[in-house]
Amino acid sequence: MILVDWQIEDRIRRGHIRVDPFEPGLIQPNSLDIRLGSHFVWYVPGETVIDPYDSETVCRDTEEMVADSIVLAPGRFLLAETLEAIELPDDIVASIEGKSSIARLGVELHQTGGWIDAGFRGTITLEMCNVNSRPVKVYAGMPIGQLVFYRTDRAARPYNMKQDAKYMDQQQATLSRYHENARRAEE
């Protein structure tokens, strides 16, 4: 079941869902608007192949900055953080969606990482890309996406109880940690 506005507000006020900082005016009929943070990370263009199982290539040739705004050039991909940190209980999951007004500028908010498991705690890393033919400027603090909350049965092993919860407690835009997976698939 998708939570509606009064359910979202009630669960946040009771501490069942934690959102910091919380602005009641960001609650929509079926979602909570989230804002862009100020930490950005991107790959420097080059020929180095990124191997998801090799942390050295994942972390090599990146730049990062903290800024009040950033210009996304056409085709530019970067990671950003949400201003809000969240904490989900073991019976609530969330999905992140871009705001249509931002999408209409050509800015995608996430590539495929739009699911937030029950038990997650931290900021959300956004996988942003400008598919417009023109540069687009985005600002820290601007509403950039929406969280949709779903009530589920209680998870037996919520994200915060998993031994391999790679992104638990992240507090800024975080590069892929795929290399922490137990084994490489057989080639």
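Each residue, glycine too, has its Cβ placed from N, Cα and C.
Database features, via Swiss-Prot:
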- Lys99, Ser100, Ser101, Ile102, Ala103, Arg104, Asp117, Thr125, Leu126, Glu127, Gln146, Tyr159, Lys166, Gln170: dCTP binding site (BINDING)
- Gly114, Trp115: site 'Important for bifunctional activity' (SITE)
- Glu127: active site, proton donor/acceptor (ACT_SITE)
Judged by other C-beta atoms within 10 Å of its C-beta, the most isolated of the binding-site residues Ser101, Gln146 is Ser101
List of residues, in chain order, with Cβ under 8 A from that of Trp115 (site 'Important for bifunctional activity') and at least 6 apart: Val93, Ala94, Ser95
Ten-angstrom check, please: count other Cβ atoms within 10 Å of the Cβ of Ala103 (dCTP binding site), all chains counted. 14
Nearest-integer angstrom distance between the alpha carbons (Cα) of Gly114 (site 'Important for bifunctional activity') and Leu126 (dCTP binding site): 9
Within 10 A of the CB of Leu126 (dCTP binding site), the number of other CB atoms across every chain shown is 27
In whole Å, note down how far the CA of Glu127 (active site, proton donor/acceptor) lies from the CA of Ala103 (dCTP binding site). 13
If I take the alpha carbons of Glu127 (active site, proton donor/acceptor) and Lys99 (dCTP binding site), what is the distance between them in whole Å? 14
Using a 10 Å cut-off, grab the number of neighbouring Cβ atoms around the Cβ of Gly114 (site 'Important for bifunctional activity'), all chains included. 18
So, three-state DSSP: helix, strand or coil for Asp117 (dCTP binding site)? coil
Can you tell me the three-state DSSP label for Lys99 (dCTP binding site)? coil
